[in-house]
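Over in TrEMBL, the protein carries these features:
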type     : residues  : note
TRANSMEM : B:12-36   : transmembrane segment
TRANSMEM : B:48-67   : transmembrane segment
TRANSMEM : B:73-94   : transmembrane segment
REGION   : B:107-132 : region 'Disordered'
Amino acid sequence: MSMTILTWSLMAAQFMLAIAMVCACLRMFRGPRAQDRVLAMDSLYLNGMGLMLVFGIVSGSTLYFEAALVIALLGFVSTVALAKFLMRGEAIE
Amino acid sequence: MIAIKTLPDWAALLTAFLVLAGAALTMIGAIGLVRFRSFYERVHAPTLGATLGIGGVLLASMVYFSVSETRPVVHEILIALFVTVTTPVTMLMLTQATLYRDRAEGKAPKITDAPPLPADVITPDRTGVRQD
C-alpha cells in the first residue's frame, strides 16, 4: 500500500516539476527584458536539477545525482556570467 | 516506474511526503514567476523552489537511498550546501544589474512606492525615534 503511494507521488512530483519547467520556459519566451529571461533560465535549471533527483529516486541509481551536481555548478556560473554581462556589457574583464 | 525497491512503510511515506512537498513548492514558485507583474516582484518567486523545493527533494533522496542501501547516503548535502550558498549571490547580482539598467534609463522604482515602515508611521522624519 505504501509503495503504491510512493509510486504515485513520484509520478505526481515529476508532473509538477515539468509544469514548473513549462512556466519558466513561458517566462523566458515572454519576458519583456533580458533580466527576466536570465531569471527564468536560472529557475529552469534549478527545476531541471530537481527533476534529475526525482529521476534518480525512480530509477534507483545514484548516477543522476552527479548529473544534478554538474547542472548546479554550470548553472551558477552561467547565471553569474549573464548578470555581469547585463551590468558591464562584457562577461570577462 | 521500474526499479523502486520495497521500503518499510515509514520510509516510503516519508519519501512520498517530502518529494511531493518539494515538487509542489517548486511549482508554486514557477507559477509566481509567470504571474507577478514587475521584475522586482518576480525575483522573489523562484527562490521558493531554490530553497524549500530543492531541499525537500534532496531530503527525500537521502531518506530513500539511506533506507534502500541500509547505509547512510549523505552526498546530497553537497548539492544542498552549494545551492544554498549560490542562490542569494546570483539573485543579488541579477537585481543589482537590473537596478543599474533601470537607473540608466531613468525607470528605477521610487522608494516612496514602498509601503511605509512601522517606524515611519510613528515618526514622520524617518529617524525611527519618537519625538515626544
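Cβ coordinates come from backbone N, Cα and C, glycine included.
Beyond its flanks by at least six residues, the transmembrane segment (B:73-94) meets 43, 47, 50-51, 54-55, 58-59, 61-62, 65-66 of its own chain at Cβ-Cβ distances under 8 Å. Tertiary proximity for the transmembrane segment (B:48-67) is limited to same-chain residues at least six positions away from its ends with a CB under 8 Å from its CB atoms, namely 7-8, 11, 14-15, 18-19, 21-23, 25-30, 32, 73-74, 76-77, 79-80, 83-84, 87.
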